[in-house]
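J.: The structure's right below; bear with me while I get my questions together.
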Amino acid sequence: MQKIKIFDTTLRDGEQTAGVNLNFSEKLQIAKQLERLNVDIIEAGFPAASKGDFASVREIANTIRNCSVTGLARCLQKDMDTAWEALKDGAEPRIHIFLATSPIHRQYKLNMTKEQVIENSVAAVKYAAARFPHVQWSAEDASRTELDFLAEIIEEVIKAGATVVNLPDTVGYGTPGEYGQMFKYVREHVPSIDKISLSTHCHDDLGMAVANSLAAVENGATQVEGAINGIGERAGNTALEEVAVALHIRKDYYNASTRMNLQEISRTSSIVSKLTGMPVPANKAVIGKNAFAHESGIHQDGVLKEKTTYEIITPELVGVSSNSLVLGKHSGRHAFKNRLVELGLVTEDENVDHLFQVFKDLADRKKEMTDDDLVSIVLEDKISKDEETFYQLVNVHIQSGENQEHTASVTLSGRNNEEIQKSGTGAGSIEALYNTLEQCVEENVSLLDYRIQSVGGGRDALAQVFVKMSCSGMETSGRGLAQDVLEASAKAYLNAINRVIYLKEAAETEIV
Ligand code: KIV
Ligand code: ZN
C-alpha cells in the first residue's frame, strides 16, 4: 500500500481565509491538536510576513515533537533566513519555498522569462538546502503551466536539492482528469522524480479540490496538502479530513493509506471551527452535523435492519461518539479532569481547579454537559489565561418592551480595575448593547460580522458568539461563550477590543 503524507496548512493557507485572524495562543492550540491528529507536516505560517507570524511559527516548531513543522518563504534570502531562525530548533526543520511557473504569472506578476524562473528557483533551493534537511519547492499555478516547462524546472530543482516538489492548482481551475494527467506526465518525464516526494495542493474554486487531490494520488502524488474543514484562500483548500477518510474507506480502490488518527477528526474540526469562527455546514462530508443523520423513513428502516445499507462511514471512525453526555453536576473533580485529559485538552500534571469551578457553576444551571461543552469551556478559559485583558465584563442588563427602544446597562472593569458603568439604547438588544460598550471603551468601532451558534443542542445550550469588527483602522475578531446570548455577545465584543489594544500597544513597543 502506498503511504501518503498529510501536509496540513490550516495555520498558513487556512489562516488566509477572509475574516480569519488567529492569535499566538490559538495557533498553538490548533498545532497541538494537529499533532494529536497525527498529520505528518504542519505548515505553521509565513515567518517573514510579520513579527507575530515569526513568533508563532517558532513557538510551534519548538513545541511540536511528533510532526515536522514548516514555514512558507518566497525565493528570497531574507525570507529563507527568517524561516531558518523560526524553524531551526524544530523536530525536523523543513522549508517551503515557492515561485510561480505559469505563463500568466510569469508575464503579469513576475515579469520573468522561463529561464529566470528556473534560475531563481534553483538558486533558492540551493540556498535553502545548505540549511534545511527538507526543502519543499512549489510551482505556484502549476496546473496552468506548460507541461514540458514544468518537467524541465522540476528536474532542475531536484538536482539543486529539493526533497519535495509540490504542484498546486492555485486558482482551483483544474479538473480531476487534467490534474491527474499532469502528475502522470511529470512522473513519466522527470528523470529524477523517484528521488523526491511529489505533492498536491488544491483550491476549491470549482468545488473539485478533494477530487483533484485524489486524482493526483491515483497518478503518483505521495503527499496531500490541505486544511481542516477545507478552510483557506477564497473558496478554501482541500479538506484534509475528507481525503484521509476517502483513502481509508476506499483503500480497495486507492491502495493508499495515511498515518492520520481518524478518531481525532471530529475534535480537530470542532476546535478549528470554534477558534476561526468558521461554522461547519451541516451537510459537510465527514464532519457535518448531518453526515450521519438518516432522515427518510426508507433509509431509517434500512439502517435499523443493517447499518451498511446506507452508512459507509461510522460516526465512531471519525470520533463522533453516540453517547456524548459525559458529565453532570454530580461529577467530581477526578472524573472531570480525566475527561479533559482523555480529550487532550489538558495534561496530567495541569492544575484544573479553576476550570472545575467554571464547570461546576455551569453544571448547576445546565443539565447536560457534553464533550463539545468541555472543549468550549477550555477554549474560553484560555482567552482569559493567555490574553491581555484590558476590559472585562462585570454585568449586562437589557430592558425592552413592545414598540420601544432597547436600553442596555453595562458594567465593566477597566484597564486599571476601575468600574465603568454606562447605559445606551438601540433598535434591538444587540445594537443597544454594542452602542453602550462602544461608549465604555471609548473607541470608534464598526461591526463587520456577528455570528451566533449554539454549542450542542437543547434550550440550555451554551451560546458561542463570534464578531469581526474594525477599530482604530485595524480589523479584529473576538469570541465569547456564555449560557446567555447577550453575555456571550458582550464577551466577544470585549475580546476583540482587548486584542486591538494589545496589538496597538505591542506595535508601539515592538513586541509583536
Ligand atoms: O495555492 C498555492 O499555490 C499556494 C502556494 C504558496 C503553495 O498556497
Ligand atoms: Zn494555496
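Positions of Cβ are set from backbone N, Cα and C atoms, glycine also.
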J.: Since TrEMBL lists His201, His203, Asn237 for Mn(2+), which candidate among Asp13, Asp40, Asp53, Asp386 does it give for that site as well?
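T.: Candidate in the recorded Mn(2+) site: Asp13.
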J.: Within 10 Å of the Cβ of Asn237 (Mn(2+) binding site), how many other Cβ atoms can be counted across all chains shown?
T.: 32
J.: With DSSP, how much of the region 'Regulatory domain' (392-512) is helix, how much strand and how much coil, in residues?
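T.: Each residue of the region 'Regulatory domain' (392-512) counted once, the result is 38 helix, 54 strand, 29 coil.
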J.: Tell me the Cβ contacts of His203 (Mn(2+) binding site) under 8 Å, same chain only and six or more apart in sequence, or just say none.
T.: Pro168, Asp169, Thr170, Val171, Gly172, Ala209, Gly232, Glu233, Arg234, Ala235, Gly236, Asn237
J.: Work out the three-state DSSP category of Asp13 (Mn(2+) binding site).
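T.: DSSP call for Asp13 (Mn(2+) binding site): coil, neither helix nor strand.
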J.: So what sits near Asp13 (Mn(2+) binding site) in its own chain, CB-to-CB under 8 Å and at least six residues off in sequence?
T.: Glu43, His201, Glu225, Ala227, Gly232, Glu233, Asn237
J.: Other than Asp13, His201, His203, Asn237, which residues of the chain come within 8 Å of the Mn(2+) site, judged by Cβ distance to the Cβ centroid of those residues?
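T.: The answer, listed by sequence position, is Thr9, Pro168, Thr170, Cys202, Ala209, Glu225, Gly226, Ala227, Gly232, Glu233, Gly236, Thr238.
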J.: Would you mind giving the whole-number mean pLDDT across the domain 'Pyruvate carboxyltransferase' (4-266)?
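T.: Over the domain 'Pyruvate carboxyltransferase' (4-266), the predicted model scores a mean pLDDT of 97.
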